Amino acid sequence: MYGGKSAEHNVSLQTALAVTKALNTEKFDIHPIYITEKGEWQRGPLLTEPVSNVKMLQLEQNGESFALSALNREMFPEASPDEKAPIDVVFPLLHGPNGEDGTIQGLLELLNVPYVGNGVLASSAGMDKVIMKHLFAQAGLPQAKYAAFLKKDWKQTPDSCLQQVEKELGYPCFVKPANLGSSVGISKCRNREELEKAFELAFEYDRKIVVEEGIAGREIEIGVLGNDEPKCSAVGEIAPKTDFYDYKAKYEDGDTDLMIPAQVTDEQYAEISEMAIKAFKAIDGSGLVRADFFLTNDGQVLINEVNTMPGFTPFSMFPLLWKEAGVDYSDLIEQLVELAKERHAEKQLIKHTF
């Protein structure tokens, strides 16, 4: 399931392209569900061979529209005309609001369909940077200083917002929409003029934003895989050649060095992996997250954020980290499918009467 009515629609398409190429069509029957940028749902024909380009995944022309009022019947048809097998697992490859924020996960929960990745709570907490940071603070995880603002506050008292940032965080700082990923709408600010423009830009994408102090150090990432007993991958380092790791560097020109494995000490790896699992549990994660850290110039490890649906594009860090740990791309996908089935089976044992 991919696409979506989101600023990260194209990111989702790139992720879906990579995943469909890696899936073993002899082992899996792949049914594409495409959500257009207008929010329309299209079901495509069974994929019998790897998809070669993104246009083949955009199903406006060769897909079949269906209404959400008939989800059980139309969205998940029989696996084939000759058998009554239900869909085994849904793999949501949706990024951003309405995709990795718990909404699609809630829909799949209502349908009682197994799905890959985090549940409603973890997805929504992982999408909202403000809530995420509150949970990290409660879990005792060290992180950069931050402040949150609503669009209402900005419109009513802009000077007060700017003064609060300057007093509590200083420059440089980063302004981000609270509920968006892939570095969309993010700005680095070195002065008040840039800060004011950054507020305006971020509020174009969300009604709530977060401002974080700038941290001098390295950007370190690690993959987490599992349910109640998660494990960690190798660590990687992001070294953007631009001022910071923005959307263009992530998905377009690849103008970023990904160093895998990152050069860290055994003690630092142990601390990063321990904090990553602690962050995973703080949001009640399942399936997968990519945990992002800062390693400051004085050696301190700070949690930045977790991504509950990290990209699977050719430039993406998550699958590369697991490849370094000895898990290839196809095997990684199969493990995620098994984790989804495991978590779903566990939920079926829960009592709903008393």
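Backbone N, Cα and C atoms are what each Cβ position is placed from, and that goes for glycine too.
What Swiss-Prot lists as domain 'ATP-grasp' is 133-338, and the listing cites sequence analysis. Feature annotation from Swiss-Prot assigns ATP binding site to 166-221; the stated evidence is sequence analysis. The Mg(2+) 1 binding site annotation in Swiss-Prot covers Asp292, Glu305 and rests on sequence analysis. The feature Mg(2+) 2 binding site is assigned by Swiss-Prot to Glu305, Asn307.
Annotated features, which come from Swiss-Prot, shown on the structure.
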residue: Glu166; record: ATP binding site; DSSP class: helix
residue: Cys173; record: ATP binding site; DSSP class: strand
residue: Leu180; record: ATP binding site; DSSP class: coil
residue: Ser187; record: ATP binding site; DSSP class: strand
residue: Glu194; record: ATP binding site; DSSP class: helix
residue: Leu201; record: ATP binding site; DSSP class: helix
residue: Lys208; record: ATP binding site; DSSP class: strand
residue: Ile215; record: ATP binding site; DSSP class: coil
residue: Glu305; record: Mg(2+) 1 binding site; DSSP class: strand
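Taking a C-beta cut-off of under 8 Å and a sequence gap of six or more, Glu305 (Mg(2+) 1 binding site) has these contacts in its own chain: Gly126, Lys129, Met132, Lys133, Ala291, Asp292. The average per-residue pLDDT of the prediction over the domain 'ATP-grasp' (133-338) is 92, rounded to a whole number. By a simple count of nearby Cβ atoms, those within 10 Å, the most crowded of the binding-site residues Glu194, Asp292 is Asp292. When the Cα atoms are compared, Ile215 (ATP binding site) and Asn307 (Mg(2+) 2 binding site) turn out to be 19 Å apart. Neighbour counts were taken at the CB atom with a 10 A radius for the binding-site residues Cys173, Leu201; the maximum falls on Cys173. Counting only the Cα atoms, the space from Leu201 (ATP binding site) to Asn307 (Mg(2+) 2 binding site) is about 22 angstrom. For the pair Lys208 (ATP binding site) and Asn307 (Mg(2+) 2 binding site), the Cα-Cα distance reads 18 Å.
When Cβ atoms from all protein chains are considered, those within 10 Å of Ile215 (ATP binding site) total 20, not counting its own. Here Asn307 (Mg(2+) 2 binding site) is positioned 27 angstrom away from Glu194 (ATP binding site), judged by their C-alpha atoms.
Of all Cβ atoms in the shown protein chains, 21 besides its own fall within 10 Å of the Cβ of Asn307 (Mg(2+) 2 binding site). Each residue contributes its Cα atom, and for Leu180 (ATP binding site) and Asn307 (Mg(2+) 2 binding site) these two points are 10 Å apart.
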